[in-house]
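What TrEMBL lists as region 'Disordered' is 1-78. For 33-51, the entry in TrEMBL reads compositional bias 'Polar residues'. Annotated domain 'Yip1' per TrEMBL: 113-272, in sequence order. The feature transmembrane segment is assigned by TrEMBL to 129-151, 171-188, 200-220, 226-245, 257-278.
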Amino acid sequence: MMSGGVGKYTHIENQPQVSGSVPAVPDPGHVTVQFTDSNLQTFPPSGSQGKISGGSRPPRDADDTFSKPISGPDERQQGGWFQTFTIAAYKPYFDVDTTDVLERIKDSLFPFRGTFTEKTANNPDLYGPFWICTTLIFVAASIGTFVTYIAHKLQKKEWNYDINLVTWSAGVFYGYVLLVPLALYVILKYFSAPSGLVQLFCLYGYSLFVFIPALCFSVVPLEIFRWVIAGVAGFMSATFVALNLRAHIMSAGERWFLIVAGIFLLQLALSVVLKLYLFTVTV
């Protein structure tokens, strides 16, 4: 320490003990500190609980790149027809579980209830119809191949695998489920009784399930039995579709009966075609 402007220094060790330049504050005793109530178990906190409350928000031009999903050209084209060609547009129609599919299959086996469209009005699916048609193609090809193989072997004739059975089955089942509901959709819209296109796909897809056990019964080598099986399956399928569409088509006016009758007969015609080409064994 310098004193008196003279270049003399005094060591700090030689100075008397000082208490410091800040006076000591007397101890006031026990002080109770109260905190405001806070719900610390609420996670994530709401907007009013955070440090940035409703009255103190960041400016509108703040960089929120990491808080917003990256938007590409696909997201800017989500309106109109562009949405039809995206996977996200069809995702809700495959959002079903096993319980839903089994329940709808059970309804298709009891065609006189006529409550299928009411149950599926809010959640029609394409998952069940797709796998029903795919299973039908596999069953038709495998059962048809097995039956013809046994018939040829019993008569001691040469047997050759027919690949056309697979392609023909795929064309019939996929084509029927796609084209017939689409045509019916246009007809109902023309008669001012429009119906959902996906709901029609769903209805016609589940209506074909009854043909799966019918094809399995076709292994019985009795022609009259095969005709009975094909007729019963066709009648159940046609009744299922007609009764579920009748209440809706009645709003089309006086021609509703002709439309329902056409739907019923077309479904019966499908069963006849299946009998002639799948339920019949030729050697």
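Using N, Cα and C of the backbone, Cβ positions are placed for all residues, glycine too.
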Query raised in the report: So which residues does the transmembrane segment (171-188) touch in its own chain, when a touch means Cβ under 8 Å and the partner is 6 or more beyond its ends?
Result: 129, 133, 136-137, 140, 194-195, 197, 200-201, 203-205, 208, 248-249, 252, 259, 263, 266, 270, 273-274, 277
Query raised in the report: the transmembrane segment (257-278): which same-chain residues, six or more beyond its ends, come within Cβ distance under 8 Å?
Result: 140, 143-144, 168-169, 172, 176, 180, 184, 187-188, 191, 207, 211, 215, 218, 226-227, 230-231, 233-235, 237-239, 241-242, 245-246, 249
Query raised in the report: Cβ under 8 Å to the transmembrane segment (129-151), counting only same-chain residues 6 or more beyond its ends: which ones?
Result: 159, 161-162, 165-166, 169-170, 173-174, 177, 201-202, 204-206, 208-209, 211-212, 215-216, 218-219, 221, 278, 281-283
